[in-house]
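Single-structure report; data block below.
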Amino acid sequence: MGEVQREKVAVIIGPTAVGKTKLSIDLAKALNGEIVSGDSMQIYRTMDIGTAKVTTDEMDGIPHYMIDIKDPEDSFSVAEFQESVRKCIREITERGKLPIIVGGTGLYIQSVLFDYQFTDEAGDATYREQMEKLALEHGVEYVHKKLQEVDPESAERIHANNVRRVIRALEIFHTTGEKMSNQLEKQENELLYDVSLIGLTMDREMLYDRINLRVNLMIEQGLLEEVKGLHERGVRDCQSIQAIGYKEIYDYFENRVSLEEAVSQLKTNSRRYAKRQLTWFRNKMDVGWFDVTDGEKTSEILRYIEGKLQLKSNNSK
């Protein structure tokens, strides 16, 4: 018997504001593809501006998945994301189309592509409650520091504001004596798909300028009104509100900072996130990097994917 044919998947990664959205749509048109969002925050309805969600006009008729599937009050674990995206890949492939994942969130994308197993076996409800209480009494940074002490790799990857995941990593260490990062490292070697990974990068100063401009544009487009709607609706302490662009504006609405300080912090956090995204992808995955400082590289990237996945684009006919 021959080897089972693995499903082909193209993945576009890179820091926020680097130009992934336009490239993904150009590639989808050329490669008969459909797009799956690999951004863990674009799943939330009504959170459009702050997540830089693709608009209907930008989609230009290309089907998009994993967008607007949950309410902001809902949680959505990496395991649920993994299951949902794999289902999208299966269905898109069955239609004779190429799945194109656009990200996004490093761990989430990695969990889809590699043979990650998520288990709830390691659990200690009493310990979890203790950590939740400590987070309430002493703040999220306190429990994040505890994680830094026992599992610095996970602490680097998990933002302090993502309390649920911080406590989960602590709980795994407490229960098994093993770092969560070690458990994941053991599992991530085998790719489940025939993958072409495309990474976009650009000159850091130019990228940071683009991020600052994007934040200014978000404010002009109505980010304050979008966040105010969530705030007035009573959305609090949810996974969704930990997203960059929301937690900073929440601080403004709750009179902890001025609007100027909130916007400045949003820009700073966005730049830091972009740096973390690049570090993650460079350390974890075999990526074909394309520097788009001097402009788009769509034709070059198209040829790269065609070669990697042994495909013919509409442009090649």
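Going from the start of the chain as shown, residues are counted 1 onward.
Glycine is treated like the rest: Cβ placed from N, Cα and C.
Keep in mind it's a predicted model, so treat the numbers as computed, not measured.
Taken from Swiss-Prot as is:
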{"type": "BINDING", "residues": "G14, P15, T16, A17, V18, G19, K20, T21", "note": "ATP binding site"}
{"type": "BINDING", "residues": "T16, A17, V18, G19, K20, T21", "note": "substrate binding site"}
{"type": "REGION", "residues": "39-42", "note": "region 'Interaction with substrate tRNA'"}
{"type": "SITE", "residues": "T105", "note": "site 'Interaction with substrate tRNA'"}
{"type": "SITE", "residues": "R128", "note": "site 'Interaction with substrate tRNA'"}
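Per DSSP, the region 'Interaction with substrate tRNA' (39-42) is made up of 0 helix, 0 strand, 4 coil.
Here the region 'Interaction with substrate tRNA' (39-42) returns a mean pLDDT of 92 for the predicted model. Other Cβ atoms within 10 Å of the Cβ of T16 (ATP binding site) number 20 in total over all chains. The most crowded of the binding-site residues listed here (G14, G19) is G14, judged by how many other CB atoms sit within 10 Å of its own CB. When the binding-site residues P15, A17, K20, T21 are compared by Cα distance to R128 (site 'Interaction with substrate tRNA'), the shortest distance belongs to P15. Cβ atoms within 8 Å of the centroid of the Cβ atoms of T16, A17, V18, G19, K20, T21 (the substrate site) belong to the same-chain residues G14, P15, A52, L200, site residues excluded.
A count of other CB atoms within 10 A of each Cβ picks out K20 as the most crowded of the recorded positions K20, R128.
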